[in-house]
There are 2 protein chains.
Amino acid sequence: MTANKALDEITLSTESIFEGKVISLQVDTVQLPNGNTSKREIVRHPGAVAVLAIHNDRMLVVEQYRQALGRTEVEIPAGKLEKGEQPEEAIKRELAEETGYRCDQVTLLNSFYTSPGFADEIIHLYLAENLEAGELNPDDDEFLEVTEITLEEAYEQIRDGRISDAKTIMAVQAWHLIKVTGKPSL
Amino acid sequence: MTANKALDEITLSTESIFEGKVISLQVDTVQLPNGNTSKREIVRHPGAVAVLAIHNDRMLVVEQYRQALGRTEVEIPAGKLEKGEQPEEAIKRELAEETGYRCDQVTLLNSFYTSPGFADEIIHLYLAENLEAGELNPDDDEFLEVTEITLEEAYEQIRDGRISDAKTIMAVQAWHLIKVTGKPSL
């Protein structure tokens, strides 16, 4: 299957609205396939990494406060890509910082866009097994609590809403599929 | 498991940066658990619905241009919630508008936040079976191409990057899990 070029929009102009620490915002004026124009509000993001880290048949999760939601959430370890950093190095760094575990070898399960309707954020999701205990070293403005949960506990936390973000649910499903099919499906 | 209140941040002030057609942007100043302050860049979004729609053991997908990515992408049918609209009504409307299929009964698989680090967008993901053919009726600024693909084709398109967004990959995994376990897992 090849991309359908007849659906393409043409960028007529870009207005920069905001440049932040993490994201920037622009409004593009585009020409639609029928010749009309429309506005597209676009958030730019540096990209991120996340990891399905399995230790003794348990998944490592971190509870942290999310200002966008006004509450804490349980998520897999994750973090933004730093400038010039390769995703594989970034995920080893984040795993060590957030959980204290080290992992020499990680496997890329998938890379996905979180919200292609308005943002270019991409998350590279890795699988890490054979973890080695190390030391916690979170960022200065990062406060979190690490726990290890079974697949059943993960589904329980999805049902009760403690786990409610896309990357973590995707990691739980990937783990479940690995268990029932014997290999990563993605 | 209860939420850990010791991780909570306190909002000290909110600066509104932008109010758009789809999203708005604010910068919050927060007090961290250690007493320091930090800035949080937050995108507000009205929320969205998406559907794993199965017809003759094939999943309905739509190809559409995504300005944030600068290319077309293959995704499950989805759309923003309109003001005051219930998610279940919204997904029936979107399914009909985008694919021409109608479905009287849909099942909520899950609701998830796409990017809790910077956005409050939530997507309600439904399962729709027993589809009835109807008429296409896309939005004025929406141009898309509908196809129906097998699970194997869906994984192929994930591998070659045509499918690359969180909600669609999650739907493919959910479909795979339904096939191997006989029931929705979420």
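These residue numbers are counts, starting from 1, taken along the chain as shown.
Glycine is treated like the rest: Cβ placed from N, Cα and C.
Going through B:GLU142, B:GLU148, B:GLU152, B:GLU153 against TrEMBL, the one listed in the Mg(2+) site together with B:ALA78, B:GLU94, B:GLU98 turns out to be B:GLU142.
Mapped onto DSSP classes, the domain 'Nudix hydrolase' (B:43-171) shows 28 helix, 54 strand, 47 coil. Listed in sequence order, B:VAL49, B:VAL51, B:PRO77, B:ALA78, B:GLY79 are the same-chain residues six or more apart from B:GLU94 (Mg(2+) binding site) with CB atoms under 8 A from its CB. If you take the C-beta of B:GLU142 (Mg(2+) binding site) and look for same-chain residues 6 or more apart in sequence within under 8 angstroms, you find B:GLN64, B:GLU97, B:GLU98. Residue environment of B:ALA78 (Mg(2+) binding site) contains 25 other Cβ atoms, counted within 10 Å of its Cβ in all protein chains. Here the Cβ of B:GLU98 (Mg(2+) binding site) has 25 other Cβ atoms within 10 Å, regardless of which shown protein chain they belong to.
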